Amino acid sequence: GVPINVSCTGSPQCIKPCKDAGMRFGKCMNRKCHCTPK
């Protein structure tokens, strides 16, 4: 995944930030969102 500068405690929190970044839903790793490129 592609790390973005968004803090998280769970993967559901990353859905919108990843979409806003123009990518697909990713997951929360090391308290940061990691998105899946399209």
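From the backbone N, Cα and C atoms, a Cβ is placed for every residue, glycine too.
These numbers come from a predicted model, not from an experiment.
According to Swiss-Prot:
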type     : residues    : note
DISULFID : Cys8-Cys28  : disulfide bond
DISULFID : Cys14-Cys33 : disulfide bond
DISULFID : Cys18-Cys35 : disulfide bond
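In terms of Cα distance, the disulfide-bonded residues that sit within 10 Å of Cys18 (disulfide bond) are Cys33, chosen from Cys8, Cys28, Cys33. Within the same chain, residues at least 6 positions away in sequence whose Cβ sits under 8 Å from that of Cys28 (disulfide bond) are Cys8, Thr9, Gly10, Ser11, Gln13, Cys14, His34. For the disulfide-bonded residues given as Cys8, Cys14, Cys18, Cys35, the lowest number of other CB atoms within 10 Å of the residue's CB is seen at Cys8. DSSP assigns Cys28 (disulfide bond) to a strand. According to DSSP, Cys33 (disulfide bond) sits within a strand segment. Secondary structure at Cys8 (disulfide bond), as computed by DSSP, is coil. Taking a C-beta cut-off of under 8 Å and a sequence gap of six or more, Cys33 (disulfide bond) has these contacts in its own chain: Pro3, Ile4, Val6, Ser7, Cys8, Gln13, Cys14, Pro17, Cys18, Gly26, Lys27.
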